[in-house]
Amino acid sequence: MKATPGHGYNRALVAASIGSYGAYLADGSEYSGCYGPEVGLDKMKDFHRRRLQILVEAGADLLAFETIPNKLEAQACIELLEEEKVQIPSWICFSSVDGENAPSGESFKDCLDIINKSDRVNAVGINCAPPHFIEALIRKFSEFTDKAIVVYPNSGEVWDGRAKRWLPSKCFNDDKFESFATRWRDHGAKLIGGCCRTTPSTIQAISKALKERS
């Protein structure tokens, strides 16, 4: 890949976001993984299929399945990649509300066991979880997969799915992201960024720290 003229870095890659079914419901269930007994594998695949097709046709460089809260939805994403014969590199990122398991309560080992069987998923990780969970989760993921690990936590603020607002809480500022980004990299994360309530200056701080301490 050639560097962009006038810049000292390679061109930016566009990752197409494929959010969870819970985010579509807009009831906060992406943070619980509880979709109800009527939501099975086929319904999950029906929900994601056309969106996946459109994003592939649009020419995205990467596919980002993100804020996935349970094993069922991860399985649906994997089966769709196979059925649609998708060749674009992809990752699957889970959220976490306890720093140890998927929001559904399922272990990350069980979730990753499914993903490890797929050659079409190139990376796994965590997004939109509090940043203070990330270091321990990188170590946990490193035990259960050889795939690249991607992390992009939120600011640490808490989303109230019922009231549909962010609750006041202690959060990471750009300086903290700058210092922790190198620790996340040193523990094994290959792709690092920020999710909800982080800003372009947060990403700039992360980039600066990783370039300076590479």
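Along the chain as shown, the residues are counted starting at 1.
Note that Cβ sites are derived from N, Cα and C of the backbone, with glycine treated the same way.
Here is what TrEMBL says about this protein:
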- 1-210: domain 'Hcy-binding' (DOMAIN)
- C128, C195, C196: Zn(2+) binding site (BINDING)
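Of the listed binding-site residues C128, C195, C196, the Cβ environment within 10 Å is emptiest of other Cβ atoms at C196. A mean pLDDT of 92 is what the model gives for the domain 'Hcy-binding' (1-210).
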